[in-house]
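Engineer: Pulled from Swiss-Prot, these are the listed features:
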| type | residues | note |
| --- | --- | --- |
| DOMAIN | 33-287 | domain 'Radical SAM core' |
| BINDING | CYS47, CYS51, CYS54 | [4Fe-4S] cluster binding site |
| BINDING | TRP53, CYS54, ALA55, GLY126, ASP175, LEU176, LYS177, HIS247 | S-adenosyl-L-methionine binding site |
| DOMAIN | 62-96 | domain '4Fe-4S ferredoxin-type' |
Amino acid sequence: MTSSAGQRISCNVVETRRDDVARIFNIQRYSLNDGEGIRTVVFFKGCPHLCPWCANPESISGKIQTVRREAKCLHCAKCLRDADECPSGAFERIGRDISLDALEREVMKDDIFFRTSGGGVTLSGGEVLMQAEFATRFLQRLRLWGVSCAIETAGDAPASKLLPLAKLCDEVLFDLKIMDATQARDVVKMNLPRVLENLRLLVSEGVNVIPRLPLIPGFTLSRENMQQALDVLIPLNIRQIHLLPFHQYGEPKYRLLGKTWSMKEVPAPSSADVATMREMAERAGLQVTVGG
């Protein structure tokens with residue numbers, strides 16, 4: 001990393017990994033939008049997709065990143081020797097490695113909330129399937145405690161990674177995106193045929209799948225895309241869907257990372273546009289939740 005003066009800053013970040021260690025970038029407590037009840041959400045770092053509308057750009061890279069918050073900088077130049085010497089906390093690590101034992105201890109601090117609300121733990125990302133072996137072992141441990149488990153995934157991985165993990169879950173929040181295979185490949189770098197094959201597999205195996213569809217102007221906010229999604233879901237006897245309207249909440253994160261967000265000037269969907277998508281899904285017999 002370089003300072004504002006263009007000088008190289010040492011970050012002392014070691015990128016070694018072990019099978020019993022995950023790389024995460026956040027643990028969010030008291031979430032009400034990522035499964036039933038009060039959830040503790042573990043965000044895994046690393047994603048194979050390049051969604052232009054991504055609200056968590058810090059999740060894309062699998063590496064630990066170091067960013068500088070200009071408002072906290074004292075301009076003391078101590079960081080030119082080592083970013084860890086920053087006295088004001090202007091430098092921030094995005095991502096950390098955590099062991100199975102440590103993560104188990106961390107989430108079980110919230111067990112009382114899980115039990116009183118019917119909630120539990122949700123694994124999100126990034127894309128949790130990029131660390132599927134760890135995630136599977138972790139959920140196996142939580143199951144021994146009787147904790148409700150869920151994952152949020154785009155399902156774009158070999159079934160051998162997805163299915164064992166999904167079978168440990170009370171809910172799989174399955175993120176659909178662009179429903180045209182060519183556009184999904186070109187825009188998002190997604191293997192849509194594999195995604196849909198995995199969706200059908202999960203349903204056939206009795207997994208509780210809850211599809212989620214972002215409503216993104218210019219990409220997924222269209223009657224055509226919605227109809228393509230419904231054409232997949234209805235034959236599977238899926239009876240609910242979450243619609244997630246586009247928002248600008250991620251824009252400050254792009255600035256923090258020194259990136260330009262191509263969606264910066266894109267407005268949120270109008271209430272009429274959201275209502276149209278909702279009506280299409282409801283006419284098809286789906287129970288609709290807007291916002292997750």
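Cβ coordinates come from backbone N, Cα and C, glycine included.
Describe the structural surroundings of these features, if you would.
Structural biologist: Residue environment of CYS51 ([4Fe-4S] cluster binding site) contains 23 other Cβ atoms, counted within 10 Å of its Cβ in all protein chains.
There are 29 other CB atoms within 10 A of the CB of GLY126 (S-adenosyl-L-methionine binding site), with all protein chains counted.
Averaged across the domain '4Fe-4S ferredoxin-type' (62-96), pLDDT in this predicted model comes to 80.
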Engineer: Other than CYS47, CYS51, CYS54, which residues of the chain come within 8 Å of the [4Fe-4S] cluster site, judged by Cβ distance to the Cβ centroid of those residues?
Structural biologist: HIS49, LEU50, TRP53, ASN56, PRO57, SER59, ILE60, VAL188
Engineer: If you measure C-alpha to C-alpha, which of ASP175, LYS177, HIS247 (binding-site residues) come within 10 angstroms of CYS51 ([4Fe-4S] cluster binding site)?
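Structural biologist: Neighbours among binding-site residues, in sequence order: LYS177.
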Engineer: Of all the binding-site residues given, LEU176, LYS177, HIS247, which has the fewest Cβ neighbours within 10 Å once its own Cβ is left out?
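Structural biologist: Selected from the binding-site residues LEU176, LYS177, HIS247 on minimum Cβ neighbours within 10 Å: HIS247.
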